[in-house]
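Asks: Quick one: the structure is below, questions incoming.
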Amino acid sequence: MNPNQKIITIGSVSLTIATVCFLMQIAILVTTVTLHFKQYECDSPANNQVMPCEPIIIERNITEIVYLTNTTIEKEICPKLVEYRNWSKPQCKITGFAPFSKDNSIRLSAGGDIWVTREPYVSCDPGKCYQFALGQGTTLDNKHSNDTIHDRIPHRTLLMNELGVPFHLGTRQVCIAWSSSSCHDGKAWLHVCVTGDDKNATASFIYDGRLVDSIGSWSQNILRTQESECVCINGTCTVVMTDGSASGRADTRILFIEEGKIVHISPLSGSAQHVEECSCYPRYPGVRCICRDNWKGSNRPVVDINVKDYSIDSRYVCSGLVGDTPRNNDRSSNSNCRNPNNDKGNHGVKGWAFDDGNDVWMGRTISKDSRSGYETFKVIGGWSTPNSKSQINRQVIVDSDNRSGYSGIFSVEGKSCINRCFYVELIRGREQETRVWWTSNSIVVFCGTSGTYGTGSWPDGADINLMPI
């Protein structure tokens, strides 16, 4: 190859390389500009229109790094649209309940710093479940735990942990409260926290970590609420609150709350005579609650809440196998669906039930006289037929030789249906166990299952002789 040919060849190769590089730079430039503009757009699932991402959301976005030769481009991915929960799916069909969680708080207190608590409950946001309880402002192995049998002191706070995590020293204290309820509307948590003087208490409404509203006592006699989860449908949360006598006529009101703000208050109506400590669940398009009549009945009151027009109705669970404690034996107990049965109505315990067509699932203490043992079963016709007593699918949760306590319901939304779950408070210490000076609890949690299941007993399990005094 002569010198001229060499020059021509080298020139051709150089020109080709330059052209390729030029085209690559154009491609990089086009890609950069395209990604720059697309990072501020997201597709709305509602109408397929392009919506601008709000700048305030960018801090929560996921950042993807895209590498093009030596150029680094950050692409912002628009987050999913956060929506209110509507609970419109059907209730899951179940055959019974399967074990889900147990926190073993009392056993762990023998060798660790665990809060003294009572009135526990469970509630879930769209992605995770949490356990709550009212702390006594002290750990168990602490002299402040003496005489913690008392319900209402200014040091009590609402505690919140992931389900299954005992209330250790690092636990978050959500608010000041000796009575409470919590629920998640799909966007943020609402906490209803009651504290203050018995004759002039205050309920604070905390939404998304901020105090939004409050209400004072309306009957000057221990304003109190559910001690389990409230329910939110399409952004409206309902909570049942009572103020007045615990063994006589009281003033029960249902509060409707939107993002922490009270938007309406409805008085209790219907045939229920006394209502407190309600266990509520979504029954689209409304909310249904099973409560405690501490005055006249050992059959449990039912409160139906219409979220759209704020109307209220109430009656009693029809099952002749009644759910409260104390109660008459099953042969002589009764319920006519409309009125309290006037059988050992004075005193009681928080509990739960839920309808399943014409039937009812329910839980109760095994003992008819004390908070000992715990059982669940289904009563055929127990939702619609007065004094129905045909029991099936009975399960022992805590054997009759061990203590139980309050119990309540919470709901979990699955892919195709809404499951019902419950917790049982396992009380230990005073008054029954006088070797120690404290009163506290652990919990056990079960959820509905469509599968098969075995048998067992899941008591607290702590040896009181090994516990701090």
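Cβ atoms here come from the backbone N, Cα and C positions, even for glycine.
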Asks: Swiss-Prot has ASP293, GLY297 down as binding Ca(2+); which of ASP243, ASP251, ASP324, ASP330 does it also list for that site?
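Replies: Within the candidate list, Swiss-Prot flags ASP324.
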Asks: In Swiss-Prot, CYS291 sits in a disulfide bond; tell me which of CYS278, CYS280 is on the other end.
Replies: CYS278
Asks: Tell me which of CYS289, CYS318 Swiss-Prot records as disulfide-bonded to CYS280.
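Replies: If we follow Swiss-Prot, the cysteine bonded to CYS280 turns out to be CYS289.
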Asks: Need one residue: from ARG172, ARG253, ARG292, the one Swiss-Prot lists with ARG118, ARG152, GLU276, GLU277, ARG371 for substrate.
Replies: ARG292
Asks: In Swiss-Prot, CYS421 is listed as disulfide-bonded to which of the following: CYS337, CYS447?
Replies: CYS447
Asks: Just confirming the record: what cysteine out of CYS318, CYS417 does Swiss-Prot connect to CYS337 via a disulfide?
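Replies: Partner cysteine, according to Swiss-Prot: CYS318.
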Asks: So for CYS278 (disulfide bond), how many other CB atoms are inside 10 Å of its CB?
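Replies: Other Cβ atoms found within 10 Å: 33.
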Asks: Secondary structure at CYS129 (disulfide bond) (DSSP, helix/strand/coil)?
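Replies: The three-state answer is strand.
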Asks: Using a 10 Å radius around its CB, how many other CB atoms surround CYS289 (disulfide bond)?
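Replies: A 10 Å sphere around the Cβ of CYS289 (disulfide bond) contains 29 other Cβ atoms.
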Asks: Which one is closest to CYS447 (disulfide bond) in space, judged by CA to CA distance, out of the recorded positions CYS92, ASP151, CYS237, CYS289, CYS291?
Replies: CYS92
Asks: Of all the disulfide-bonded residues given, CYS417, CYS421, which has the fewest Cβ neighbours within 10 Å once its own Cβ is left out?
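Replies: Ranked by other Cβ atoms within 10 Å, the disulfide-bonded residues CYS417, CYS421 bottom out at CYS417.
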